[in-house]
Ligand SMILES: *[C@@H]1O[C@H](CO)[C@@H](O)[C@H](O)[C@H]1NC(C)=O
Ligand SMILES: *[C@@H]1O[C@H](CO)[C@@H](O)[C@H](O)[C@H]1NC(C)=O
Ligand SMILES: *[C@@H]1O[C@H](CO)[C@@H](O)[C@H](O)[C@H]1NC(C)=O
Ligand SMILES: [Cu+2]
């Protein structure tokens with residue numbers, strides 16, 4: 001009976017909302033049964049219609065040129081006649097992944113168009129010019145499988161800014177020039193022009209990645225999207241003509257291994273209401289005194305919640321309350337889910353917790369499995385720093401009524417907020433519904449974070465199979481110091497340094513580094529060069545700063561062999577200095593012998609990642625195999641620090657300092673970058 005009523009109501013959504021006069025009983029009724037989005041003003045609902053049309057169009061563009069299983073977005077609507085399903089689908093669309101379309105097929109070539117533009121939107125109710133990719137914010141989620149080849153044409157339809165795209169965490173083997181770092185591997189794509197990113201995903205790489213601008217500070221204003229590489233669940237065999245054939249093998253699917261039903265992607269990050277360029281120019285000014293700008297809001301898959309009356313009088317915003325409230329997550333309540341969580345933010349780390357479900361971390365960063373975790377009831381995991389990813393399995397808890405609505409809470413790590421921002425609510429929850437029919441949000445209360453139920457992902461080592469690949473000793477060791485400094489010779493503007501060098505995109509001569517011999521690089525490129533042969537490298541990074549920094553290395557994963565935060569002094573480590581070694585590794589029994597067989601690090605706790613939070617006044621020892629030829633950026637993923645120059649270069653397998661990796665990138669006057 002009740003169900004029928006709801007159905008009718010939903011079928012007539014647009015009319016329902018258009019009717020201005022309703023009596024009180026009807027109205028309360030509606031409150032109780034309407035889905036949260038029904039509370040949106042009509043204008044917003046109407047504005048969703050073109051959005052859906054575009055989504056359909058995109059689905060066509062996205063899937064046309066390949067032999068992918070065609071499952072365009074529109075076909076996913078179970079009952080297209082029911083308007084509410086459409087909208088609900090939009091919500092899921094942002095998050096629901098399609099492993100079944102990728103895990104069981106052979107590798108293929110995907111030809112995609114990404115068209116970048118800007119437009120005014122209200123992601124959390126506050127009007128802001130954001131970047132759209134194919135009219136979507138965040139950009140469309142790209143899904144693939146290991147071994148797929150991408151031919152991605154990125155168009156720059158932005159009027160006055162150059163752009164570029166980076167594929168965060170992908171190896172880019174033999175494709176350094178497709179890495180997207182302006183000044184390092186390419187010039188910016190000028191307005192009105194486009195650039196082909198053609199590369200192949202390594203056959204052994206799978207996991208949760210994302211793509212984002214590596215130009216200016218555009219990532220902060222939304223120039224990003226999810227990139228998921230599904231692990232193939234196929235086996236190779238020879239057919240009777242002796243050709244290799246890939247065959248479906250369900251037993252190999254992650255889904256069977258971890259026993260979950262569906263996969264959802266959550267792109268979670270802090271959000272600024274002012275344009276990123278304004279925020280950056282405030283920070284890169286003596287008056288900021290190096291205090292990082294504190295964000296205003298939090299977005300989950302491009303939507304957030306902002307209480308308009310919290311806006312600071314000095315910084316008026318064009319705000320509509322409840323304009324685009326955080327979308328509910330819809331889980332079916334019975335089975336387990338895989339959540340792929342990305343911190344797409346610019347400054348703050350995040351912790352994610354669930355009120356009623358239990359979670360378990362299975363991979364960190366680019367699909368790297370971690371040590372198997374017990375089935376204990378853990379309800380939160382973090383801290384996930386900007387650029388980092390974690391995959392978690394979410395399951396219903398025995399004894400809880402699993403069909404009752406729950407809450408997911410995102411909490412920003414405030415330890416790097418040196419100044420306040422009264423507008424920001426650093427801890428926000430949004431509903432987890434167990435059926436689209438559940439709408440009673442008030443019945444769930446936020447639970448306080450519970451330490452016993454928290455998974456500290458920094459203490460979770462990689463799976464033993466991953467750690468088994470670490471050689472006992474690296475062939476090279478490099479040492480660098482990093483810090484944000486405000487020097488009078490640089491007008492007291494905060495600048496990020498590696499040793500004595502602050503990074504700026506190569507400008508003299510104005511070609512990407514990959515196109516120039518190393519001896520031609522300008523003096524903003526502090527470089528660790530690993531030589532012509534593939535080698536194992538230890539990179540010791542001493543962070544002299546008062547704040548921690550999430551460092552990301554392009555093109556490589558690294559084993560984190562040691563992480564240290566000092567309680568006094570600088571906490572720096574010099575692997576060649578006996579005193580320093582003994583201070584940190586007192587059990588290192590043979591420190592004088594530089595040729596001894598093993599280093600003092602505790603490999604049993606090592607984690608393989610592509611982005612590491614290096615503690616304040618401390619250090620990290622990162623070990624990686626430098627066998628991926630090219631010039632790769634190593635940089636802080638806090639956008640403000642990168643904008644201030646906190647980056648350096650790792651030059652892998654260059655013949656010498658007078659041979660460019662890709663000489664054609666500087667072959668003609670035409671290829672000059674406009675810096
Ligand atoms: C990239 O792929 C596209 C589409 O196949 C092709 O037209 C283009 O020439 C390729 N570019 C490069 C540099 O290989
Ligand atoms: C919004 O903020 C104001 C002022 O702090 C507060 O009184 C009000 O309850 C808040 N509204 C909501 C919906 O949280
Ligand atoms: C950075 O400075 C330290 C200390 O002076 C030095 O040992 C190290 O070699 C430098 N690193 C690079 C890459 O130049
Ligand atoms: Cu930083």
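From the backbone N, Cα and C atoms, a Cβ is placed for every residue, glycine too.
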Which is it, of 10-36, 37-63, that TrEMBL names as transmembrane segment? 37-63
What counts of helix, strand and coil residues does DSSP assign across the domain 'Plastocyanin-like' (116-233)? 7 helix, 58 strand, 53 coil
Per-residue pLDDT averaged over the domain 'Plastocyanin-like' (263-395) comes to what? 92
Going by DSSP, how much of the domain 'Plastocyanin-like' (504-653) is helix, how much is strand and how much is coil, in residues? 21 helix, 54 strand, 75 coil
